[in-house]
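J.: Okay, handing you the structure first.
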Amino acid sequence: MTIHIGAAKDDIAETVLMPGDPYRAKWAAETFLKDAKLVNEVRGMLGYTGSWNGHPVTIQGSGMGMPSLSIYANELIRDFGAKTLIRIGSCGGMQDRVKVRDVILAMTASTLNSPSSGIFRELNFAPCADWGLLQAAAQAAAKRNAATHIGGIYSSDVFYDERPDLNEQMVRHGILGVEMEAAELYTLAARHGCRALAVLTVSDHLGTGEALPSDQRERSFGDMVEIALEAAFS
Ligand code: HPA
């Protein structure tokens, strides 16, 4: 048991999927895991453990933004022994070829700032995904015929962005999409010798303003969860 996760040590699996939304954790656990059991509800940040194809899996909400994710990922890694952490979440598309409902596998995650910026001082650390997980996720996505993009994303500290000039530079430099958590997850995984990946569904597009209505999100979110689970255990 930790400050933010009220589970017993054995209740958390070595493989953890982390959606931002705790209700998405509930949905994914009930939809994809066998014998899913609620293991955390401190602050309503729901976590479930069950099994997928015989493998123990925890699905724990991370909350929105890098400071929130940092709390859960730190406790999962340091206190519960998590070894593989896969963010499953939504992002805003940034390139024209990236469409709403597509899947993005984040090879790198650029930031202006992260909770780890303080320890790096003048160093611009380059947070990147675990290669084995990324390769396995690419194969799982191809098998499912999911429209998939692999490359750099931007982990922002703000949803309501006031820097259109910065977004322009991101687009110019090939950044596929924007979300708010992956860079810190990759950095913590690097620090603690864990594997991390972000598998994202494009829920809206910064260029076109298109947004996925909530009732249509389930199918593409389902693809994302299955890609993450297959990647974790291949
Ligand atoms: N910005 C930041 N995070 C996001 C977005 C966005 O447009 N869409 C989904 N997550």
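Cβ atoms are placed via backbone N, Cα and C, with glycine included.
Here TrEMBL flags HIS4, GLU179, MET180, GLU181, SER203, ASP204 as purine D-ribonucleoside binding site. Positions annotated as domain 'Nucleoside phosphorylase' by TrEMBL: 16-228. If you look up TrEMBL, you'll see GLY20, ARG24, ARG43, ARG87, ILE88, GLY89, SER90 marked as phosphate binding site. Taken from TrEMBL, the feature active site, proton donor applies to ASP204. What TrEMBL lists as site 'Important for catalytic activity' is ARG217.
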J.: Look at the recorded positions HIS4, ARG24, ARG43, ARG87, ARG217 and tell me which residue has the greatest number of other C-beta atoms within 10 angstroms of its C-beta.
T.: ARG87
J.: At the level of the C-alpha atoms, what whole-angstrom distance separates ASP204 (purine D-ribonucleoside binding site) and ARG24 (phosphate binding site)?
T.: 17
J.: Counting every protein chain present, what is the number of Cβ atoms, excluding its own, within 10 Å of the Cβ of ILE88 (phosphate binding site)?
T.: 25
J.: Near ligand 1, meaning Cβ under 6 Å from any of its atoms: which of the binding-site residues ARG24, ARG87, GLY89 fit that description?
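T.: So the answer is none.
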J.: I'd like to know which of the binding-site residues GLY20, GLU179, GLU181, SER203 sit within 10 A of ARG217 (site 'Important for catalytic activity') at the Cα level.
T.: SER203
J.: List the binding-site residues among GLY20, ARG24, ARG87, SER90 whose C-alpha is within 10 Å of the C-alpha of HIS4 (purine D-ribonucleoside binding site), in sequence order, or say none.
T.: none
J.: List the same-chain residues at least 6 positions away in sequence whose Cβ sits under 8 Å from the Cβ of SER203 (purine D-ribonucleoside binding site), in sequence order, or say none.
T.: SER90, CYS91, GLY92, VAL100, ALA211, LEU212, ARG217
J.: How big is the gap, in Å, between the Cα of GLY20 (phosphate binding site) and that of GLU181 (purine D-ribonucleoside binding site), rounded to a whole number?
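T.: With the alpha carbons as reference points, the distance is 8 Å.
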J.: Could you check the binding-site residues GLY20, GLU181, ASP204 and say which one's CB has the most other CB atoms within 10 Å?
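T.: When each Cβ's neighbours within 10 Å are tallied, GLU181 leads.
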J.: What is the biggest Cα to Cα gap, in Å, among GLY20, ARG24, ARG43, ARG87, ILE88, GLY89, SER90, the residues listed as binding phosphate?
T.: 22
